[in-house]
Amino acid sequence: MRIAVFASGNGSNFQALADYLSKKGLEASIDWLFCDQPEAYVLKRATALSVPADCFSPKEFDSKKEYEEAILHKLKEKKIDLIVLAGYMRIIGPVLLENYDKRIINIHPSLLPAFPGLHGIRDAFEAGVKETGVTIHYIDQGVDTGPIIRQEKVRIEQEDTFDSLEGKIHRVEHRIYPEVISEIIENGGYLK
């Protein structure tokens with residue numbers, strides 16, 4: 001299975017997935033990294049791992065449709081089977097959704113449907129809830145609304161700070177995202 005990872009930042013989930021795939025010997029590889037931020041550290045990670053990467057901004061295109069068509073062209077050129085969103089901070093539009101239906105997955109740092117959007121960890125922490133977690137889901141036309149594949153709870157202890165909670169969330173993400181992707185690979189590309 002040929003995987004593309006879309007990321008916008010540090011790339012710690014990209015790194016965790018790459019490390020997992022290299023250790024497990026699965027019939028899968030990360031064949032392309034797409035990034036929308038030219039200064040993102042994930043591009044350095046891709047270079048270090050010899051993963052081909054491209055970075056272009058929507059500002060370079062006249063419309064979101066043209067932007068996604070350029071991405072789709074690269075996906076088809078590289079014969080990508082599965083798109084893994086790993087801190088990609090853009091909403092996936094109709095061009096990619098129609099061509100990769102049920103083949104785009106995302107990880108979100110909360111127990112959806114609670115705390116959707118950009119600041120799931122901070123929103124949960126500031127709300128004073130006793131638990132939050134991590135959700136892996138398929139992408140649909142909404143924001144953090146697609147069918148849920150897996151969730152794992154993370155307890156928020158009284159002594160937790162925002163930083164300690166963020167660390168706990170990231171540790172869970174780095175463990176379960178590769179596990180779910182491995183299950184998708186073993187099931188031929190889709191989990192119900």
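Even glycines carry a Cβ here, placed using N, Cα and C.
Where the annotation comes from TrEMBL, it is an automatic prediction and has not been curated.
Taken from TrEMBL, the feature domain 'Formyl transferase N-terminal' applies to 1-181.
Residues or ranges marked as N(1)-(5-phospho-beta-D-ribosyl)glycinamide binding site by TrEMBL: Gly11, Ser12, Asn13. According to DSSP, Ser12 (N(1)-(5-phospho-beta-D-ribosyl)glycinamide binding site) is assigned to a helical segment.
Arg90 ((6R)-10-formyltetrahydrofolate binding site) counts 15 other C-beta atoms within 10 Å of its own C-beta, drawing on all protein chains shown. What TrEMBL lists as (6R)-10-formyltetrahydrofolate binding site is Lys64, Met89, Arg90, Ile91, Ile92, Asn106.
What TrEMBL records for His108 is active site, proton donor. In the three-state DSSP assignment, the secondary structure recorded for His108 (active site, proton donor) is strand.
If you look up TrEMBL, you'll see Asp144 marked as site 'Raises pKa of active site His'. In sequence order, Asn106, His108, Leu112, Pro113, Pro116, Gly117, Thr135, His137 are the residues near Asp144 (site 'Raises pKa of active site His'), counting only same-chain partners six or more apart with C-beta under 8 A. In three-state terms derived from DSSP, Asp144 (site 'Raises pKa of active site His') belongs to neither a helical nor a strand segment and is classed as coil.
The separation of Gly11 (N(1)-(5-phospho-beta-D-ribosyl)glycinamide binding site) from Ile92 ((6R)-10-formyltetrahydrofolate binding site), Cα to Cα, is 18 Å. Each of the recorded positions Lys64, His108 was scored by the other Cβ atoms within 10 Å of its Cβ; the lowest score goes to Lys64. Neighbour density for Met89 ((6R)-10-formyltetrahydrofolate binding site): within 10 A of its CB lie 13 other CB atoms from the protein chains shown.
Remark: of the binding-site residues Ser12, Asn13, Asn106, the most isolated position is Ser12 (fewest other Cβ atoms within 10 Å of its Cβ).
The domain 'Formyl transferase N-terminal' (1-181) scores a mean pLDDT of 95 in the predicted structure.
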